[in-house]
Structures are given as C-alpha cells and as structure tokens.
C-alpha cells in the first residue's frame, strides 16, 4: 500500500508538470491580451477625469460671481443673493443622489445620461440669455432696445439654474461616480491618497476658474462670462460622445438607498409595536427588521445598514461644518465685495479671493501625503484620520470668528466709491487682502476634513454599502448648504436685517459670524467626544462588519475547510492508509 500511494503521487506530479508546460504559452497569450485591456482602462480613467474636471469647471464658473450678478443685474438684496448661491450649491450636491436612484430603478443609464446632458446644455445655454445686455443691440447703425423684463429674467435664471444642477447631478452620478475609479481593492492608505489628490485636482481646477472666469465676467467681457460655463459643458459632452458610451460606468448590483431607508423604517415600526405590546431582546434595534425577528429584510441587508448607521454621527457633525464652508461664496464674498479691490492700479475680481483659500490646500496635500505614509507604515500606530477632522473643524470655527473681527476692523476704514460690473458701490477703503486669514483657515479646514471624511465613509462599511455611504455623505453635505441658507434668512428676518444687512456698513454682520463660530465650536467639541468610535473602527472593526454578513461567513468557512484539507494532505504524522 505505501508503494502504491507513492507511485500515485509520482504520477500526479508528472501530470501536473506536463499541464504546467502546456499552459505556459497560454499564459503569455493571456498577458498579451491584458495589454490592450489595460490601455483601455487607462483611457477610460483619463476620460472620466477630464469630464469630471470639465463639469467642475462649469459648476465653479456659475457659482463664482453669482452674488455679484444677482445684486447688480437682478436687483436682489445681499442676503437673497447669498441664499440663491447656497441653494444652487446644495441642489447640485443632492441631485447626484436623485439621479442615481432614477438610473437604478426608473430610467436606463444610457437614456438618463443623454437627458442629463441635454439639461446641462440647456441650463448653461440659457444663462447667457439672462446676462446678455439686450439694450446694447445695434442693427443698421440704429440703437435698438430689447430689454427683458425683470420678472421674465428671473424666471429664465431660476429655470437655467435648475436644469444645470440636474445636468450636473447626472454627470456626477452616472458618468463620474466614485466607483468608476476602481477603488475596491485599495487599502486605507491608498484610499486616503486618492481622496487627497482627487480633491487637489478639483481645487486646482477651481483656482483656474476663480481667477480667469471671474475676471472675464467682472471686467473684460462680463456679458460673455456665462458663455464660458456653456463652452465647458459642451467640452464635457464632446468628450462623452467621443468614446461612444464606454465612459458610462455600470455598477454592480448593490444595496440601494431605498433598501437602507426601508430597513430603518421597518426596524422603527417593529420596535414601536413590540415596545407597546411585548418585547424581545435583540442586540441592536435594527435587528427588528430581520426576517427571523418578524421583519421583511435579510440578515445581509440589515447588517450592512447597521454598519452604515454607525457613521450617522459623523455625517451629522458635517452639516454645520458645511454651513461654515458655505460662507466663502456668501458672507465672505460680500465682505470682499465691500472692501477695496484695487491693487497697484488693477481691480481684482471678487471671486479671485477664493484662490487664497485654495492655496493652503494645494500646499498641504503633498505634506499630508508624506505624513500619512509615515503614519500608515508605523506598525505600532493605529492611525485614524479623525484627528484631521477635529483640527479641521476647529480651523473652520476659528475662520468664522476671525471673519467677525475682520468685519469690525473693516468698518474703521473710510468709505470710497468702487465700480463693479458697471455699478458704483460705496465700500470700505480697507484692502481686501486683510481678509486673507479667514480664507486661509477655511482652506486648511478643507484640506484636512474632506479627504478624511470621504475615507471614513468609504472604508468603514462593507464593500457592497460603499456607494450608499457616499450618497448619505452627499445628503448631509447638501443639508449643510440649505442650513446655511436657512441661517441667513433667519438672521435677516429675526434681526430686521441687522445681522445680515444689504449694506454691510449699516448692519452688524460680525454678530452673525460670531454666532456661527460659537455653534461650530460646540460642534467641534461634540465630534471630539465621539471621535474615539472611529479610531476603533479602523481595519479590525471593518473586518468585523464584513464578517457579520452571511455570505462572507460562508466564504470564511470554505477557506477554513480548504486549509484543513491541505493540512491533512501535507501532514507527516498520518500514513497514506490512514488518509484514505
């Protein structure tokens, strides 16, 4: 029997050796086929990135001087213009979630992306209709007045903003989703590096927009300013058309936003009913939604939702932070517009001050890359980016507080006349560069918070829930934009225009900033008290979430059985007779 077993082993080894020889040429052919596929993947990634940058170019081109346009051309009050800008940003943040749901359930992805491209084109094409000076038309040397009434002008303006935001949502959700960058196999170090450099590129693009488009809109050819977002959107559509649908990413069948909401509502409903009549001990209140506890959802769906709800405190503390970030295109913009923009005989664009908030981010990202490489390579350090979020939140609170002191300082300067977009404004003679510290602090906050929060939202949930987690992060960020608009309206109405005045030298805008800074400081302390949850929820906790899912438990058991069989086959203790 031992000789027979040894002979069988030798024959198996010989056959395996011959099979390896026969497969070697096939492997080289397979490697040859992988080369064009790799080139195609690279081309798709480059195209997705180009469309992403074109879309951001369009978005920032619309946002950068909207307040000046609303106040100078549409006759809005300052607080109304700030609210319009923040609501547009919030809508553009929420529409990817809506369009993603439509693409998944109601409309096909290809059909919907064509609709969104048309809406984007329509919105960016209608904006020049609002901004173009119809009274300056000459035909056969005759001056013809073609004035568009203010009411119709505002209707066209709002319709253009709505269609543009829907188009932006379609591009972000279907053409350029985060899953199109193939991040499934990346670890936390690689993910944080990706988010850092991704936001670095987006902000570099926005810096170009704020300098170039804002100057064109304000000074050189202000009436063609809104044509530039139209051209940028046209470039994005041409890029999509060039690859004939190859860019349209088709995600895997995953958990949906409706399933997540269904699990939560089902658990709440069952919880209330059983609390009223009878109670059953469960590990988590979400377990009431499981089928084996009387619910309607599988264990996989409930466990995924449980991992997501652990991130809700993190998302909630981002709302007020996003409200502070929204001061750049609202309160800070009004401060800059009411300051002296002259510099060496040159009138600076108002939105160009936003570049000051972008420069710290462009400088900090390479430095943070080096720091992260050292922290993640350290064996004894369980690195978590929550410390970045705490410091970033504190920097945002400090920025808004500095803005309050800057507003008090600005009022001590005498007033001078300044012409912006053919409108003569009475502004403070304080140079606008005195406002630089508040912009720099918010830039530091963005460099620390946004990539770190994206990493936690992406990494601390099972792979099948990552898209839903990023959708929830977008929902809470959009809520922060709308909360900023609500704060402005409440402050203006509650103080009869004193805390957010139309003419800043006649009001107390600094009180609004101090109030927001105090709220943000409380928000920072609140997040600091719960940050330890996400320190523990790093790699070990992520594995725990994934191990709770039944499918992944089965895979683990299969691997254990295979490992056990391998040990039996290679064990020198057992004889061949005992193995058989």
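Glycine too: its Cβ is placed from the backbone N, Cα and C atoms.
What TrEMBL says about this protein:
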COMPBIAS  1-11  compositional bias 'Basic and acidic residues'
COMPBIAS  18-32  compositional bias 'Basic and acidic residues'
REGION    1-32  region 'Disordered'
TRANSMEM  83-103  transmembrane segment
TRANSMEM  109-134  transmembrane segment
TRANSMEM  155-175  transmembrane segment
TRANSMEM  197-216  transmembrane segment
TRANSMEM  223-243  transmembrane segment
TRANSMEM  346-365  transmembrane segment
TRANSMEM  386-405  transmembrane segment
TRANSMEM  439-460  transmembrane segment
TRANSMEM  472-492  transmembrane segment
TRANSMEM  512-531  transmembrane segment
Using a threshold of three or more Cβ pairs below 8 Å, and leaving out pairs closer than 6 in sequence, do the transmembrane segment (512-531) and the transmembrane segment (386-405) count as in contact? yes
How about long-range neighbours of the transmembrane segment (197-216): same chain, 6 or more residues beyond its ends, C-beta under 8 Å? 49, 52-53, 56-57, 60-61, 64-65, 222, 224-225, 228-229, 349-352, 354-355, 358-359, 361-362, 365, 369, 446-447, 450-451
Contact set of the transmembrane segment (83-103) with the rest of its chain, CB cutoff 8 A exclusive, min separation 6+ beyond the ends, reads 59, 62-63, 66-67, 70, 76, 109, 112-113, 116, 161-162, 165-166, 168-170, 172-174, 177, 256-258, 326, 329-330, 333, 471, 474-475, 477-482, 484-485, 488-489
Quick test of the contact rule: Cβ under 8 Å, at least six residues beyond the ends. What residues does that give for the transmembrane segment (512-531)? 313-314, 317, 320-321, 323-324, 327, 331, 386-387, 389-390, 393-394, 396-398, 400-401, 403-404, 407, 487-488, 491, 499-500
